[in-house]
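One structure below.
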Amino acid sequence: MAEARASRWYFGGLASCGAACCTHPLDLLKVHLQTQQEVKLRMTGMALQVVRTDGFLALYNGLSASLCRQMTYSLTRFAIYETMRDYMTKDSQGPLPFYNKVLLGGISGLTGGFVGTPADLVNVRMQNDMKLPPSQRRNYSHALDGLYRVAREESLRKLFSGATMASSRGALVTVGQLSCYDQAKQLVLSTGYLSDNIFTHFVSSFIAGGCATFLCQPLDVLKTRLMNSKGEYQGVFHCAMETAKLGPQAFFKGLFPAGIRLIPHTVLTFMFLEQLRKHFGIKVPTT
């Protein structure tokens, strides 16, 4: 009897944290590009400006908030998706149909997006702080300090500013990443040319990262603008209308850096996740 291993519910959060440590500078540059009122700098120019102005370590501003976000948002969506997927397939002979994976991904992402909104808000603010004049900077010491100060100075409700947008984006990203990864891996393995190895994980996660980038970019731009606002937007629709005034391309501002960040992040997340599953997962006997 052969032996397989299933992922533990918290592996998704750990894998996402590992990926976030590698891709955080790209995430920071993406936020900077999206919060420009006009297109002035591209990714390389923005990176050089940040390093020149605040030093190399400034590329890791807000890392604690990013890790906090992964341990709320990503842990929740991975835990729900993988737990429900494994439950739904434990007595079946084959994998879930793709539409079921999409449904699971949507539900998991909506829930994870809502749970992760407070940490996401602090993450965006910490990354964008260096762009503000010194007198206007929030200067959060770390993620927990940011969460506490937002709740104390602006209200608990403010912690969930942009929750609708974050949840919607979470659903799209999770469909793009988890659902498409499962489907891509299934299709790659079904060819018979590749086995369940690191190269298969790389190819499948690269495809998933591309799908997630295209699905969520317009919502990602609106979410970032809403979370970084000081009350100038009345809601999601108003934010969308104001962004539309800048032209259709405004909804895809930062698309290239978003892909440069999200695709490697997706690849690293699933590479870490598969290694965690392989070495530390729950043993599942199979015939």
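Glycine residues also receive a Cβ, built from the backbone N, Cα and C atoms like all the rest.
For the residues LYS158, LYS223, LYS278, Swiss-Prot attaches the annotation N6-acetyllysine to LYS158, which does not rule out the feature elsewhere. Listed ranges 62-81, 182-201; the one Swiss-Prot annotates as transmembrane segment is 62-81. Swiss-Prot lists transmembrane segment at one of the ranges 82-101, 162-181, namely 162-181.
Cβ atoms under 8 Å from those of the transmembrane segment (254-274) belong to residues 7, 11-12, 14-16, 18-20, 22-23, 26-27, 29-30, 33-34, 43, 74, 78, 173, 177, 181, 198, 201-202, 204-206, 208-210, 212-213, 217, 220-221 of the same chain, restricted to positions at least 6 beyond its ends. The DSSP breakdown of the repeat 'Solcar 2' (100-187) into helical (H, G, I), extended (E, B) and coil residues amounts to 75 helix, 0 strand, 13 coil. There are 13 other CB atoms within 10 A of the CB of LYS158 (N6-acetyllysine), with all protein chains counted.
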